[in-house]
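So that you can see what the record holds, here are the features copied from TrEMBL:
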SIGNAL    1-21  signal peptide
DOMAIN    23-317  domain 'Plant heme peroxidase family profile'
DISULFID  33-109  disulfide bond
SITE      60  site 'Transition state stabilizer'
ACT_SITE  64  active site, proton acceptor
DISULFID  66-71  disulfide bond
BINDING   156  substrate binding site
BINDING   187, 240, 248  Ca(2+) 2 binding site
DISULFID  193-227  disulfide bond
């Protein structure tokens with residue numbers, strides 16, 4: 001009786017250990033799809049060469065995915081009232097890159113690599129292509145099944161105070177250092193005038209130009225010319241003036257000089273002497289593990305997402321038609 005009880009407890013402990021061991025890890029696909037990371041990297045690079053704006057687009061997409069239900073690729077799910085239709089996600093770019101990478105991975109390793117991992121790897125590769133440092137990205141995420149536009153309210157917003165930003169990051173297990181570091185991702189990319197134009201006109205009665213007093217006056221004049229009160233709200237403006245195509249720490253220099261485009265960015269200043277490029281990789285790994293589904297949770301690689309079938313038809317040859325038929329089963 002005592003032996004059977006001991007055996008039962010041993011089995012429980014073993015099962016628990018196995019579950020804990022089913023998390024993300026570097027080289028997760030080393031045996032099941034050893035070329036996975038290379039395929040994603042080459043796909044991102046190919047698209048980047050013809051359209052460099054996909055780099056910040058893919059980085060933002062991964063961030064927006066992780067802060068809503070965790071890093072589970074729910075941002076890619078199609079349907080009505082889903083995440084990608086919510087206001088903060090309507091201008092996201094890079095879906096075609098993920099489609100392309102997924103199609104190639106299905107041709108090479110059917111049913112193995114998840115969309116969530118493709119997003120994480122594509123974000124990392126985008127930073128590297130813009131001259132940021134490489135880091136090892138753990139993989140092994142599984143894809144979510146649910147996508148709701150209402151959940152996007154949890155995303156940090158451009159008008160959030162520092163305290164609100166801190167709380168939103170803390171809710172995801174990220175600290176103040178991660179907040180400042182990840183905000184630095186705005187060193188590449190642009191923002192539409194509609195996201196910050198309110199700071200330039202009738203914002204304050206304490207400044208002669210009516211702009212946000214935390215902004216440099218000369219810079220305000222420059223922005224007012226680019227984003228007039230009744231001008232094109234969709235016009236894109238660099239988030240890191242003078243260096244929007246290079247992943248570097250100049251973004252924080254701009255913040256200190258009152259050249260922050262987004263109000264939420266301007267409120268977050270300084271890296272306290274940290275190495276931005278190194279710290280960014282570390283914080284990205286932390287963020288990429290928010291609420292991940294692993295083991296038997298969620299879907300493996302068969303998440304239905306934007307135009308997958310059409311992309312597969314475009315990229316997979318007749319020679320692998322059998323594999324293609326397997327992919328069609330996700331409908």
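Using N, Cα and C of the backbone, Cβ positions are placed for all residues, glycine too.
Sequence features, as recorded in TrEMBL, placed on the structure.
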residue : record                             : Cβ contacts under 8 Å, 6 or more apart
33      : disulfide bond                     : 105, 108, 109, 112, 113
60      : site 'Transition state stabilizer' : 92, 185, 189
64      : active site, proton acceptor       : 75, 83, 88, 89, 92, 152, 155
71      : disulfide bond                     : 62, 65, 116, 119, 120, 141, 287, 288, 289, 290, 291, 292
156     : substrate binding site             : 67, 164, 165, 168, 169, 264
187     : Ca(2+) 2 binding site              : 239, 240, 243, 244, 246, 247, 248, 249, 250, 251
193     : disulfide bond                     : 226, 227, 231, 232, 233, 234, 235, 237
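For the disulfide-bonded residues 66, 109, the largest tally of other C-beta atoms within 10 A is found at 66. Most Cβ neighbours within 10 Å, among the binding-site residues 240, 248: 240 holds that distinction in the structure as shown. Note on residue 227 (disulfide bond): other Cβ atoms within 10 Å of its Cβ, all shown chains, come to 22. Averaged across the domain 'Plant heme peroxidase family profile' (23-317), pLDDT for the predicted model comes to 90. Cβ proximity to the Ca(2+) 2 site centre (mean Cβ of 187, 240, 248, cutoff 8 Å) flags the following additional same-chain residues: 184, 186, 188, 243, 244, 246, 247, 249, 250, 251.
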